[in-house]
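Colleague: The structure is given below, and queries will be raised subsequently.
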Amino acid sequence: MPRRQDLNSVLVIGSGPIVIGQAAEFDYSGTQALRVLKDEGLRVILVNSNPATIMTDPEFADATYVEPITPETVEKIIAKERPDAVLPTLGGQTALNTALALDANGALEKYGVELIGADVDAINLGEDREAFKGVVERCGAESARSVIVHSMDEALAAAEQLGYPMVVRPSFTMGGLGSGLAYNETDLHRIAGAGIQYSPTSEVLLEESILGWKEYELEMMRDAKDNVVVVCSIENVDPVGVHTGDSVTVAPALTLTDREYQRMRDIAIAVIREVGVDTGGCNIQFAVEPDTGRVVVIEMNPRVSRSSALASKATGFPIAKIATKLSLGYTLDEIPNDITRKTPASFEPTLDYVVVKVPRFAFEKFPAADPTLTTTMKSVGEAMAIGRNFTEALQKAMRSLEQKGSAFSFARPAVEPGPNTVARLVSKTEETTTERLRNVQRALLAGATVEQVFGATSIDPWFLDQIQLLNETADLIREDPDLHPETLREAKRHGFSDAQIGELVHLDESVVRGIRHALDIRPVYKTVDTCAAEFEAFTPYHYSSYDRETEVAPHEKPSVMILGSGPNRIGQGIEFDYSCVHASMVLREAGYETVMVNCNPETVSTDYDISTRLYFEPLTFEDVMEVVEAERRTGGLLGVFVQLGGQTPLKLAADLKAAGVPILGTSPEAIDLAEDRGEFARVLTEAGLRQPKNGTAHDFEEASRIAHEIGYPVLVRPSYVLGGRGMEIVYDEASLKTYLDNATEVSPSRPALIDKFLEDAIEIDVDALFDGRDCYVGGIMEHIEEAGIHSGDSACVLPPITLAPDVVTRVREATEAIARGVGVKGLINLQFALASDVLYVIEANPRASRTVPFVSKATGVQMAKAAALIGTGRTVAQLRAEGVLPADHDGTTLPEGTPTAVKEVVLPFARFRTPEGTVVDSLLGPEMRSTGEVMGVDKYFDTAFAKAQAAAGGPLPTSGSLFVSVANKDKRSAVIPVKMFADLGFEIVSTGGTAEVLRRNGIESTVVAKIADAEGEEPTVADLITDGRIDLIFNTPSGGQAARGDGYQIRAAATSVGVPTMTTVSELGAALQAITAQRQYSWDVTSLQEHEQTLRERAAQEASRD
């Protein structure tokens, strides 16, 4: 069937900010979709609120709307653009729910727009728990016994029928949000209550426990001719009970019998047909009872999902790309395979390798959170590895996590473990925590049997045998300290790193590497080709293995290598992948062969056609150096970029240079200079710049002396970290001692850095480019919150709205002086604080920052592309002349009338609960906790801020009640904004002390009891919030460590029910402006292309006046 000719324009709904359960994989999927639609000659319209995505680059769509993904806003875009169709299946749950709302409110019918990729009936059948249960029954398959409920009374009645434990699954949520395992009535009240609230239809499925069953997924595609393919089978190593996003997974499924697989396949094909997905992909999850082989269907996603990205990277089959073509009317047999160029998409991929995905968690950011893994997803990222066998892939994936202790350790204890020790270790394997797989390996190493560990974990014995095989291989290595060739080859075939081998034979990693190279034991690089080498592969997508024959083809000119950022984590996310992708794209355009090294299956950078060659490898020195050597052997290497992927590649810079690898852009020496307190202070002194008083301490006595000299409060942090890891504001000596006692986990070989904390300062962020001579300031961002909240968690605005022109000039001059003094060649990010009109330098990061995408979108200048070209020898002057950078202005001299852009963050507190079941404290501080960001852009700040809040999931109310409870230090500054809220007609609710201050200033408020002071049936503020009687909260914390008192319980209640909460006076002021604007007029929607046109016109007008 040819492409539908009645479609001329398509609106794609993106997934919005990166959140747990819906992350970078939707940028990968969406970018593929946009490229397909453009190639087909369609007018492409995109709505996505996330500026850190590649898909929101203006070049990928004809009209790119960085606007809130709400039904109201998307309807405005439809009314303006009048698309023929909406494609909602590539933006995760956000896009699906928005599409359903547009159908329900009549907007699609009103404007004559159809859904493509999946229709409303198919979405409802796949997502509605009760409807899907009927689908499964009609297909002759089984679901787990279950009951649908819409209230707690119904849930309690269902519990008597199903019995405990049972699984709670809300409808229409993502990443298992609101789901869990209820072992008793208390659990049921807590989990089902949250689930009913999180489900947009207030619907929850209560399901019989199938804990301990084996869990599988099938990635399916179906076209309009009823051709169905199974793209990939995925098996969870963890049994049912741990969300698939938090489980170690493997592709293809390894422990299914052929009979079980065929049964599962038959069910999946019947289900996709019955649901009616006929122009796209879907994901179906199964559970198999290990003793009887009974198969039940768990759930279905009638859209491209998180697993689709993994399956695409695992197989080389671009699911999102093909799903988009199917939505346009093509059939699978009409779509060519990009990799082989000979087979159609109707050929199911065949794998001659094993893929393992391991999740990455961030519990260190939420120390109060319960680390138990359940059906609610908690991981913030993932790493993937490919090997010729399971053990090789598993070990490569584990070391790709880059976390201390993430790889297996095979050191045996000095004393042989006794029965009690073994029993204790086996007992630990029952705990479903992030340590589970390592606990399994330790128990087996100590002498536990596979049967014992299987009894404790329900992990399939085949996987346990493989882990036991690793322990046995470790013993072989231990018994051969001379490292004979057979031993080394065997170790490498099972994925042992040089560091692991060195640990076993008491040799340094470099010595092991020297022995290995002397024996010519090196990896070869195989190709992901979708067909198990049956046809030639035309896309060089490689993975390492200690096999015989390499498949890296010779190349004619030296390559440029870009090191990616590895698995997403808090502090290092999609923003860094953005810079890597831009560098690869612009360098290819400039005629270079580019090589990407990364291990993150979610990202655009690991798409097989972004770079000339892709190596899916861990970002360790050993693995990167082997790729370097492979490139050198087949055509040469110009150099390596380490400044684009965040802290991960930066940590490798010095070792790579020492090994003779040319580093492109900023040198390792300059990187170290910026981190070295003494050297950096010298640069600032020479430039006449000031820092907050500071010192460097190696022990508590030194730290105590420095803190007393500087004066409390002080900001304490380790060196060489990203995302404020381990950073804390300390108010007294006891807190300082507690911090240092715990800080060794953060960066053991580095001293603690101590700074005077500047209270009430305005924080300023700058992204700039320097070529050794000229500086281009990309943007100056003013933080909306005062200093003290990590820049990655703070809302900011560009251009700045309260900085005087002379401050902007001082910032610009300081930026250039620091870039020159440090010796930057490429990007630099600087943070300043303005206190009492004195400009202080907080820190300099000579690399791509997380704000580069935001600055690029806000100003229309591709900063990462410019940085890559500077790294290969171009100058700022040349880039201005070529139009890569503006010829007549930079981020400090933006034309008058430049739109205002606000960046707001998205926080994951609703995902994390304490062991008692309460939400963790949402109080922000100097350690970063946000997972993603959104952008609001408009002519004026007030509307841009309102858009950003709506996009982040916390739309501001225009009426209702405002609860106010502020610390003593904030009471004076809070009076005026609270008075203005009262004047707008908001009911003011406050606690006793705050109420008295407000009353003395002529502001009447309803007094509510503090939680600790409530008597009898008297409602507390937490009760009012939970009951929906509070619409906005203003709660500033007292100094010192936040007590688990009223403040915490107020914030926890607000997080649970999603009430917008302001914790600083400046944030309340911004909210006041936004609410006032919203009450006066409805905002317009404007595409980035229109904003850029306005910028060009304004710049031209100003240039002509000059």
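Keep in mind that glycine also has a Cβ here, set from the backbone N, Cα and C atoms.
Below, the features straight out of Swiss-Prot:
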type: REGION; residues: 1-402; note: region 'Carboxyphosphate synthetic domain'
type: BINDING; residues: R129, R169, G175, G176, E208, I210, E215, G241, V242, H243, Q285, E299; note: ATP 1 binding site
type: DOMAIN; residues: 133-328; note: domain 'ATP-grasp 1'
type: BINDING; residues: Q285, E299; note: Mn(2+) 1 binding site
type: BINDING; residues: Q285, E299; note: Mg(2+) 1 binding site
type: BINDING; residues: E299, N301; note: Mg(2+) 2 binding site
type: BINDING; residues: E299, N301; note: Mn(2+) 2 binding site
type: REGION; residues: 403-550; note: region 'Oligomerization domain'
type: REGION; residues: 551-953; note: region 'Carbamoyl phosphate synthetic domain'
type: DOMAIN; residues: 681-872; note: domain 'ATP-grasp 2'
type: BINDING; residues: R717, K756, L758, E763, G788, I789, H790, S791, Q831, E843; note: ATP 2 binding site
type: BINDING; residues: Q831, E843; note: Mg(2+) 3 binding site
type: BINDING; residues: Q831, E843; note: Mn(2+) 3 binding site
type: BINDING; residues: E843, N845; note: Mg(2+) 4 binding site
type: BINDING; residues: E843, N845; note: Mn(2+) 4 binding site
Colleague: How would DSSP class R129 (ATP 1 binding site) in three states?
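Modeller: Helix, per DSSP.
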Colleague: Spatially speaking, which of the binding-site residues E299, N301, L758, N845 is closest to E215 (ATP 1 binding site)? Use C-alpha to C-alpha, please.
Modeller: E299
Colleague: Need one number: mean pLDDT over the domain 'ATP-grasp 2' (681-872).
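Modeller: Mean pLDDT for the domain 'ATP-grasp 2' (681-872): 89.
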Colleague: Using the residues the record lists for ATP 2 (R717, K756, L758, E763, G788, I789, H790, S791, Q831, E843), what whole-number Å value is the largest Cα to Cα distance?
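Modeller: Comparing all Cα pairs, the maximum is 18 Å.
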Colleague: List, in sequence order, the same-chain residues at least six positions removed whose CB sits under 8 Å from that of E299 (Mn(2+) 1 binding site)?
Modeller: R129, F132, R169, I284, Q285
Colleague: Per DSSP, what is the residue count of the region 'Oligomerization domain' (403-550) in each of helix, strand and coil?
Modeller: 74 helix, 10 strand, 64 coil
Colleague: If you count Cβ atoms within 10 Å of the Cβ of H790 (ATP 2 binding site), leaving out that atom itself, what do you get?
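Modeller: Other Cβ atoms within 10 Å of H790 (ATP 2 binding site): 21.
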Colleague: Cα of R717 (ATP 2 binding site) to Cα of V242 (ATP 1 binding site): how many Å, rounded?
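Modeller: Distance between the two Cα atoms comes out at 34 Å.
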Colleague: Measuring Cα to Cα, how many Å separate H790 (ATP 2 binding site) from E843 (Mg(2+) 3 binding site)?
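Modeller: On Cα coordinates alone, these residues lie 12 Å apart.
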Colleague: Can you count the other CB atoms that lie within 10 A of the CB of Q831 (ATP 2 binding site)?
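Modeller: Cβ-Cβ neighbours of Q831 (ATP 2 binding site) within 10 Å number 19.
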Colleague: Output the one of E215, E843 that, of all these binding-site residues, has the highest number of other Cβ atoms within 10 Å of its Cβ.
Modeller: E215
Colleague: When a 10 Å sphere is centred on the Cβ of L758 (ATP 2 binding site), how many other Cβ atoms does it contain?
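Modeller: Other Cβ atoms found within 10 Å: 22.
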Colleague: Tally every other Cβ atom lying within 10 Å of the Cβ atom of V242 (ATP 1 binding site).
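Modeller: Neighbour count, Cβ to Cβ under the 10 Å cut-off: 25.
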Colleague: Of E208, L758, G788, Q831, which binding-site residues come within 10 Å of E843 (Mg(2+) 3 binding site), going by C-alpha to C-alpha distance?
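Modeller: Within 10 Å of E843 (Mg(2+) 3 binding site): Q831.
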Colleague: Tell me the Cβ contacts of N845 (Mg(2+) 4 binding site) under 8 Å, same chain only and six or more apart in sequence, or just say none.
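Modeller: Correct list: A674, I828, N829, L830.
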